[in-house]
Amino acid sequence: MSKFQVVEHPLIQHKLSILRRKEASTKEFRELVDEIGMLMAYEVSRDLPLEDVEIETPVQKTTVKQIAGKKLAIVPILRAGIGMVDGILKLIPAARVGHIGMYRDEETLKPVEYLVKLPADIADRQIFLVDPMLATGGSAILAVDSLKKRNAKAENIKFVCLVAAPEGVKALQKAHPDIEIYTAALDEKLNEHGYIVPGLGDAGDRLFGTK
């Protein structure tokens with residue numbers, strides 16, 4: 001399986017088309033990010049291992065398949081990544097949630113890390129690292145660096161976004177060729193300000209109604 005995947009499910013693509021529209025309200029944008037995050041989680045969790053478990057139905061005992069107890073952590077890159085967390089938790093409510101806080105220096109376009117808060121057993125968990133946008137790749141690279149410094153295993157890290165620029169994908173793959181990348185769309189390019197084109201604007205501002 002390729003370590004880079006565009007998830008082309010019709011429901012995801014339909015909701016993404018509405019999300020991109022500039023007239024989408026903060027409420028609509030927030031709800032759509034939540035919904036697409038949940039749908040992306042369905043695809044990203046496709047390879048979770050299963051085990052046989054014996055249960056009893058109202059009729060008789062039987063053997064069923066359940067996820068094999070693999071621990072999961074959802075780690076949003078703040079602040080926009082928070083918008084994807086609740087949707088994933090709807091599917092996987094037992095997951096732990098960590099946080100990696102970053103902001104982008106608007107002059108250098110480089111990320112600055114200000115917070116890392118992770119489950120103590122992060123080394124033993126499969127990790128969904130989430131951020132709606134993969135633009136230059138700087139924030140994602142720094143976030144994966146932070147996870148690896150805290151003993152997270154590369155094979156357990158999956159970066160999940162809604163929209164990616166080719167430049168960001170290339171940069172993240174170069175820095176961390178050992179992690180998987182999932183996106184709902186691979187867009188055309190970055191503009192001179194480091195924003196994805198056509199993109200969907202500033203995801204954080206649109207999620208939280210700020211400027």
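Any Cβ shown, glycine's included, is placed from N, Cα and C.
Of the residues proposed, Arg96, Arg104, Arg125, Arg150, the one Swiss-Prot records at the same 5-phospho-alpha-D-ribose 1-diphosphate site as Arg79, Asp131, Pro132, Met133, Leu134, Ala135, Thr136, Gly137, Gly138, Ser139, Asp202 is Arg104. Those same-chain residues not listed among Ile196, Gly201, Asp202, Ala203 yet with C-beta within 8 angstroms of the centroid of the uracil site C-beta atoms are Pro132, Met133, Val163, Tyr195, Gly199, Leu200, Gly204, Asp205, Arg206.
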